[in-house]
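What follows is a set of notes on a single structure, which appears directly below.
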Amino acid sequence: MPALAFVDTPIDTFSSIFTPSSVSTAVVDGSCHWSPSLSSSLYRIDGWGAPYFAANSSGNISVRPHGSNTLPHQDIDLMKVVKKVTDPSGLGLQLPLIVRFPDVLKNRLECLQSAFDYAIQSQGYDSHYQGVYPVKCNQDRFIIEDIVEFGSGFRFGLEAGSKPEILLAMSCLCKGNPEAFLVCNGFKDSEYISLALFGRKLELNTVIVLEQEEELDLVIDLSQKMNVRPVIGLRAKLRTKHSGHFGSTSGEKGKFGLTTVQILRVVRKLSQVGMLDCLQLLHFHIGSQIPSTALLSDGVAEAAQLYCELVRLGAHMKVIDIGGGLGIDYDGSKSGESDLSVAYSLEEYAAAVVASVRFVCDQKSVKHPVICSESGRAIVSHHSVLIFEAVSAGQQHETPTDHQFMLEGYSEEVRGDYENLYGAAMRGDRESCLLYVDQLKQRCVEGFKEGSLGIEQLAGVDGLCEWVIKAIGASDPVLTYHVNLSVFTSIPDFWGIDQLFPIVPIHKLDQRPAARGILSDLTCDSDGKINKFIGGESSLPLHEMDNNGCSGGRYYLGMFLGGAYEEALGGVHNLFGGPSVVRVLQSDGPHGFAVTRAVMGQSSADVLRAMQHEPELMFQTLKHRAEEPRNNNNKACGDKGNDKLVVASCLAKSFNNMPYLSMETSTNALTAAVNNLGVYYCDEAAAGGGGKGKDENWSYFG
């Protein structure tokens, strides 16, 4: 029987007998026969990314801020943006990072409006489209302010579903178009309804949409007390629904809305109190991510019939609010076969809506209503990109010299298993090799638990078995890439509802990815990983990393199409807070962009404070403890005063920094100031953004 030494000839025999196809010890030449266009196809960028994202000739992701109207010199290299804002000599912001592109947001609004304008004009529809943005999708102040500003020319409004949301919507719309709708949805109490009625006193175009029949009595009573004539809408439960995850809010058993019986009671009560003229809007919602225009047309036609019936009953109807449902193509397939895809364009969606409403209204000789939609996902998803870094990867392959442990002191049973394994290897019998590997490992684990084997012996067997498995091509080729991110904070929908988003390296796209991997986050939670990807993949093509990162450099990944809901839903699991945020406009500068706003992510103090801790008191407690005289065996002499300063500085830095891994040490003054002030503004007017500069105290151009 051969000697039981890991560095003996059997290992060389194994590797010469079996030629592993899935594991190669050679480094793949990533530049050979590879191009950005091949990466674009591999990651489906041309599918989900068009017309806003593309792989450029440098192998980086480019952002096309004006969509299909973007000129070649207006492309923004995403990698250059990341380098600018993370450079210690610049802003020195820490990852993870959200990059917002207001130009993309503006283009999405304009494309949505243009799609409906074209459908209305081409079909001879005798009214107009007037959309609203549901603030629940992303309540960020600057996003909402941008939407109100960008949409002012076509009366674009807001939708609110809670008291804080109606407060922010009212405040923002004071600077918007006075005809813009403020649609008030959600469950309501007297305070909520009073706020909505107060909005009408402020000459805001506020509509109170009844979600429950009981809300009507409050509206009647409070409007009379406040001497305000309300505009009332009602949400109907349609029979039409779709079968996907997001269809659960529709249909007769949906969470929201009124049945036909309840609608008739509302109409009768309004008529009795002389307020039937106040009923002017019908709202419904089939569900988010409507997969096809066929389903959309069915739902809109049903709602249009109900709209016409309300007109017949004497209501002064003016608006049909089709709710959300305008989907985006997360996987780029345009198939509509899952919640990740929709089988239509903006133009096809608008055409289907207009045609359905027009057909029913013409049949009933009813005046065409204003069409409103609440298309939040379609508006904000594209404009925001989450950037994070892979900090390490699981070892792809090991060599025999990685486990040079002498295998001595084993039982006869273990030696027998080894002899069987050796014989199977010499015969080239892969199936038997796997069987004997399992037997050998199990027997050694039992010996370790009983105390008859030491850790060195167990490690030697583990290394031997792992090498054999790789040599016969039976090992799992998928690596684990550890990323500086919290899935629960930044991608909560992946954990919560298995929502998938495109994830792509934002650079090195001119090099062939030589590995496949899953992503594991920083949290101490087994669910903190991403192991499902678009296209039905359970791993992602990635570039190899060594101990110094990706080929000696840093490796950046981007999650795209996550501008809706992810920030609003993110928590602070393990006390990992929100990422840093920058706002980037296309400009005529040398790099084609200007950073117009930067916000450092939540510090450790911020997330502690959110959980009712007092960071200032915690700092003083720890500092005081460090200053107390203590008896210890450390006889080393040192400057005690300087030690106290070092401790205080270390504590302050830990409280003020983000909880994520810090990959670079930065003493940048801007970083320190951001930690203290939380936000910077720059002169957006100088960047072509038309912003007001009186409160803005810095500029940072690419």
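Every residue, even glycine, has its Cβ placed from backbone N, Cα and C.
According to Swiss-Prot, the feature active site, proton donor maps to C524, an assignment based on similarity to another entry. Per Swiss-Prot, the feature pyridoxal 5'-phosphate binding site maps to S288, G325, E374, S375, G376, R377, Y565; the stated evidence is similarity to another entry. Per Swiss-Prot, the feature substrate binding site maps to I320, D321, I322, G323, G324, G325, L326, G327, I328, D329, Y330, Y436, V437, D525; the stated evidence is similarity to another entry. Taken from Swiss-Prot, the feature N6-(pyridoxal phosphate)lysine applies to K136, supported by similarity to another entry. Residues or ranges marked as transit peptide in Swiss-Prot: 1-52.
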Cβ atoms near G324 (substrate binding site) (within 10 Å, other residues, all chains): 23
Sorted by sequence, non-S288, G325, E374, S375, G376, R377, Y565 residues with Cβ within 8 Å of centre, pyridoxal 5'-phosphate: P134, C137, G324, L326, A378, I379, A564
Whole-number Å value for how far G324 (substrate binding site) lies from S288 (pyridoxal 5'-phosphate binding site) (Cα to Cα): 6
Pairwise CA distance, I320 (substrate binding site) versus E374 (pyridoxal 5'-phosphate binding site), rounded so that it is a whole Å: 11
Neighbour tally for Y330 (substrate binding site), based on other Cβ positions within 10 Å of its Cβ: 24
Of the binding-site residues listed as Y330, E374, R377, the one whose CA lies nearest the CA of C524 (active site, proton donor): Y330
Surrounding CB atoms that lie within 10 Å of the CB of S375 (pyridoxal 5'-phosphate binding site), all protein chains: 26
For substrate, whose listed binding residues are I320, D321, I322, G323, G324, G325, L326, G327, I328, D329, Y330, Y436, V437, D525, the greatest C-alpha pairwise distance in Å: 70
Which recorded positions sit within 10 Å of G324 (substrate binding site) - Cα, from K136, R377, Y565: R377
Which of I320, I322, L326, I328, C524, the listed recorded positions, has fewest other Cβ atoms within 10 Å: C524
Other C-beta atoms that fall within 10 angstroms of the C-beta of K136 (N6-(pyridoxal phosphate)lysine): 20
V437 (substrate binding site) versus binding-site residues G325, E374, S375, Y565 - nearest by Cα: Y565
DSSP-derived class (H/G/I helix, E/B strand, else coil) of I320 (substrate binding site): strand
Listed binding-site residues G325, I328, Y330, G376, Y565, filtered to Cα within 10 Å of K136 (N6-(pyridoxal phosphate)lysine): G376, Y565
Shortest C-alpha distance to I328 (substrate binding site) - which of the binding-site residues E374, S375, R377: R377
Nearest of the binding-site residues (E374, G376, R377, Y565) to Y330 (substrate binding site) - Cα to Cα: R377
Pairwise Cα distance for G376 (pyridoxal 5'-phosphate binding site)/L326 (substrate binding site) [Å, integer]: 8
